[in-house]
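Engineer: Let me give you the structure first, and then I'll get to my questions.
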2 protein chains.
Amino acid sequence: MENNKLTIIKIGGNVIDNPEVLTRFLRDFSKLETQKILVHGGGKVATRLAGKLGVESMMIEGRRVTNEEMLDVAIMTYAGLCNKKIVAQLQGLHTSAIGLTGADGNSIVSQRRENSVYDYGFVGDITEINSKWIKFLLDTDTIPVFCAITHDQKGQLLNTNADSIAQSLAVGLSSLYKTTLIYCFEKKGVLQNVEDENSVIETINYTSYQSLKKKNIIHSGMIPKLDNCFEALKQGVKNIIISNPEIINNPNHPHTSITL
Amino acid sequence: MENNKLTIIKIGGNVIDNPEVLTRFLRDFSKLETQKILVHGGGKVATRLAGKLGVESMMIEGRRVTNEEMLDVAIMTYAGLCNKKIVAQLQGLHTSAIGLTGADGNSIVSQRRENSVYDYGFVGDITEINSKWIKFLLDTDTIPVFCAITHDQKGQLLNTNADSIAQSLAVGLSSLYKTTLIYCFEKKGVLQNVEDENSVIETINYTSYQSLKKKNIIHSGMIPKLDNCFEALKQGVKNIIISNPEIINNPNHPHTSITL
């Protein structure tokens, strides 16, 4: 184990929602020979539970509003069902893990999002990472598994974007570890041509990013994602990779590497 | 803070189901000047969620059968909603806490209950406590908050009686700490006369217990509870108290003390 290297992996709905893919991913993840942290959202599990309970998903400009009932659904599915099943599976693979929200050990503090125009409800923007305590867990060979819930230090849990959690952890821990951040999604990387699965752009640096935006090859939802990546690199993260889960056990698997 | 003293408190439905009582209890708990651990069940929250989702509670001889759907409900409510809200509230009281199932940090291992006559489903009987790791957490001034879920080390989460979790933790940690175990329920203690709330028996030792059973003052559900208490005392727990939540901030509050 290389103790000064840390890999933070964020998985999304394409992994969480497919038990076979999740099991395979966790097997690969458990074999990864660096210090590591897993970050996950809730995929469609929360939406399904909300549907069964008759809790309606309000959307404002494509963003979900988290009212009190929806927050409860998020806590039950992200922090309960998804998180604890991942932890139990990792234990079954002889990898000691611990499931966390930002409230646990005061590990991730956020503040409720304020917006003069819309109220997104119980949604948090991260303000602080308790790196020292997270390092303590890693030092006991316990792998932190973070779900997409944080807290405001005043007793309130807050729904928080899992990509942002992964990014903030990577930045917060980059003074203690050589940190690699991997975003696992359904494609092999950022595509030159969205219709061609194999047109993965190998490397994007800040200059090529500007040009890709101009040519409209990178657009809409990918822009804030990549803006965040460059911000994280500027703040000390060594390496950011975007690919699908197969990248974990095969570094030669196609992927996009983001560099400054 | 007295670092060699540990207080383990188990709270039940009478606390969990009443937000005001829970808030008052957590305030008192946060002020407790020993090392401490909280153990909770899910009260009626799981039953209510199961009802909303149309998951039926099968009972065999007064014991709930935990089928796969009911286990999911237990994980969502115990490990999700109840556990994380308690942790967030404690953080709001400047007490750093961490919410745990037995799977987290491999802290409590159990095996699925085997019974040649009935199958109680995904129910676990505790086989092992990871005292060393729990001590690590306490040493970082992080208060463990355990819910009533454990795991079998093979990837399966198991529903586990919260009284048993509290008892096993007390026994497992008694070689490292002078351990007091407090069961908080709705009455002030074990009553001489069930109709008289103030007839609390101050002390029960093993000899008086035999006599109280003979006189039928202690009967039915209280017998396995007290049997477990005497077992825990024999295995090194210093002190066991049965009372309601008011005992936490007032040692002069009526209570039953169990001694060998």
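Placed from the backbone N, Cα and C atoms, the Cβ positions cover glycine too.
Just lifted these from TrEMBL, have a look:
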BINDING   A:Gly42, A:Gly43, A:Arg64, A:Asn159  substrate binding site
DOMAIN    A:5-243  domain 'Aspartate/glutamate/uridylate kinase'
SITE      A:Lys10  site 'Transition state stabilizer'
SITE      A:Lys225  site 'Transition state stabilizer'
Engineer: Per residue, counting other C-beta atoms within 10 angstroms of the C-beta, which of the recorded positions A:Lys10, A:Arg64, A:Lys225 reaches the highest number?
Structural biologist: A:Lys10
Engineer: Same chain only, sequence gap of 6 or more: which residues have a CB within under 8 Å of the CB of A:Asn159 (substrate binding site)?
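Structural biologist: Looking at Cβ-Cβ distances below 8 Å from A:Asn159 (substrate binding site), excluding near sequence neighbours, one finds A:Thr66, A:Met70, A:Leu71, A:Ala74, A:Gly121, A:Phe122, A:Val123, A:Gly124, A:Ala148, A:Ile149.
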Engineer: Look up A:Lys225 (site 'Transition state stabilizer') in the DSSP assignment and reduce it to helix, strand or coil.
Structural biologist: helix
Engineer: Only counting partners 6 or more residues apart, tell me which same-chain residues put their Cβ under 8 Å from the Cβ of A:Gly43 (substrate binding site).
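Structural biologist: Listed in sequence order: A:Gly12, A:Gly13, A:Asn14, A:Val15, A:Ile16, A:Asp17, A:Cys82.
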Engineer: Which one is it: of the recorded positions A:Lys10, A:Gly42, A:Arg64, whose Cα lies the shortest distance from the Cα of A:Lys225 (site 'Transition state stabilizer')?
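Structural biologist: Checked the recorded positions A:Lys10, A:Gly42, A:Arg64; minimum Cα distance to A:Lys225 (site 'Transition state stabilizer') goes to A:Lys10.
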Engineer: Could you state the whole-number distance in Å separating the C-alpha atoms of A:Gly42 (substrate binding site) and A:Lys10 (site 'Transition state stabilizer')?
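Structural biologist: Taking the Cα atoms only, A:Gly42 (substrate binding site) lies 12 Å from A:Lys10 (site 'Transition state stabilizer').
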Engineer: What does DSSP say about A:Lys10 (site 'Transition state stabilizer'): helix, strand or coil?
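Structural biologist: It is in a strand.
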Engineer: Specify all same-chain residues, apart from the site residues A:Gly42, A:Gly43, A:Arg64, A:Asn159, whose Cβ lies within 8 angstroms of the center of the Cβ atoms of the substrate site, ordered by sequence.
Structural biologist: A:Gly41, A:Ala46, A:Thr47, A:Ala74, A:Thr77, A:Tyr78, A:Ala148
Engineer: In Å, how large is the greatest distance between any two Cα atoms among A:Gly42, A:Gly43, A:Arg64, A:Asn159, the listed binders of substrate?
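Structural biologist: 14 Å is the greatest Cα spacing among the residues binding substrate.
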Engineer: At the Cα level, what's the spacing in Å between A:Lys10 (site 'Transition state stabilizer') and A:Arg64 (substrate binding site), rounded?
Structural biologist: 20
Engineer: Give the three-state DSSP assignment (helix, strand or coil) for A:Gly43 (substrate binding site).
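Structural biologist: Where A:Gly43 (substrate binding site) sits, the three-state DSSP reduction gives coil.
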Engineer: Let me know how many other Cβ atoms fall within 10 Å of the Cβ of A:Gly42 (substrate binding site).
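Structural biologist: The answer is 29 other Cβ atoms.
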Engineer: Under DSSP, is A:Asn159 (substrate binding site) part of a helix or a strand, or is it coil?
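Structural biologist: It is in a strand.
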